[in-house]
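**Q** Starting off with a structure, shown below.
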Amino acid sequence: MTGSAEYSARRVLPDAPLLAAATGRTPSRRPVWFMRQAGRSLPEYREIRAGIGMLESCFDPALVCEITMQPVRRHDVDAAILFSDIVVPLKAAGIDLDIVAGVGPVVANPIRSIADVAALPRLVPEEVGAIAQAVRLLTTELGSTPLIGFAGAPFTLASYLVEGGPSRNHEKTKALMHSDPKTWHALLGSLADTTICFLQTQLKAGVDAVQLFDSWAGALSLADYREFVLPHSERVFAEVAAAGVPRIHFGVGTGELLGAMGEAGADVVGVDWRIPLDVAAGRVGPGKALQGNLDPAVLFAGPEVIDREVRRIAAEGDRAIEAGAIGHIFNLGHGVLPDTDPTAITSAVELVHSL
């Protein structure tokens, strides 16, 4: 386990609203940021990414810095999130994969056996040195705005490696999980090592919080999540605890898993739009902050609807705090959709800050 001394270069941001809300202190304003806030919804992003592949972009420190900064400048959000992708550490380690436009990550040689797991390359920090350099650039550029680092959770990474790409039903993943638990746990153990290395690299470079994305965990029953996934996510959170920064845990469609996801060790639990925040607070239990949970599609519905729904989410966040949550960070229930009008995002941020 990495000691706290290795994280000593981090900025001190005592007044950052996001960090206050995440740790049970009273923020100076209601903090808000959006998953995928740096991306295709911004014309400046589309311009700077023209002709440059996604993975190539993720390994260019100056480009990562600029893309990460774009929504902070435009929207006045309370955090930047590192521009990257959950498969970046897999690519860096040497796994043969690519991000195909309109499809997503595609893996050349899907995992099928314990021998395949044993052959997986292990990430070392030097292979993600470009990401660490981008973090260092950003901590200089951001001033008093926190930087959130992130990684994919072992289960979601495993799903890509077993399926060979995105999957609606995750049938190959679940088949391996149930039919060959030994291989499954070996795979998730290996991926947990990769995730820990990637997060620790970002933390040592200076990120102020981290988010673990378990994008596909909602495909699982609670019993399967507890048996096959929770121990590995729990180890990830434990191994980065010494950094002393807020740890956020998020998945889509995880309303029935929220209690278990909270048990994994995060300080903040992300909630998608399918469950009210005050209900989520009861499932997560006291002592955690909540993050969420405006439906991303609401941003297409016009100013009156956005105004109403933002106010509703903020009120539910307040009730969640009354129900035992230690704070609320306003966010979407998933990522910003590519065709979202950026002015709708800016307006939503202004409204959140006024409440």
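Please read every residue number as a count from 1 along the shown chain.
Here the Cβ of each residue, glycine as well, is placed from N, Cα and C on the backbone.
Pulled from Swiss-Prot, these are the listed features:
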- R36, Q37, A38, G39, R40, D85, Y160, S215, H334: substrate binding site (BINDING)
- D85: site 'Transition state stabilizer' (SITE)
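Provide an account of the burial state, proximal residues and distances for the features listed.
**A** Sequence-distant neighbours of Y160 (substrate binding site): residues of the same chain at least 6 apart with a C-beta under 8 Å from its C-beta are V87, L90, L97, P105, V107, P166. The DSSP secondary structure for Y160 (substrate binding site) is helix.
Secondary structure at D85 (site 'Transition state stabilizer'), as computed by DSSP, is coil.
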**Q** What are the non-local neighbours of R36 (substrate binding site), defined as same-chain residues 6+ apart in sequence with CB under 8 A from its CB?
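**A** Those within reach of R36 (substrate binding site), by Cβ under 8 Å and sequence separation of 6 or more, are G335, V336.
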**Q** Look up H334 (substrate binding site) in the DSSP assignment and reduce it to helix, strand or coil.
**A** coil
**Q** Look at the recorded positions A38, R40, D85, H334 and tell me which residue has the greatest number of other C-beta atoms within 10 angstroms of its C-beta.
**A** A38
**Q** Return only the integer: C-alpha distance in Å from A38 (substrate binding site) to D85 (site 'Transition state stabilizer').
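**A** For A38 (substrate binding site) versus D85 (site 'Transition state stabilizer'), the Cα atoms are 12 Å apart.
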**Q** Please give the maximum pairwise Cα distance, in Å and rounded to a whole number, for the substrate-binding set R36, Q37, A38, G39, R40, D85, Y160, S215, H334.
**A** 23
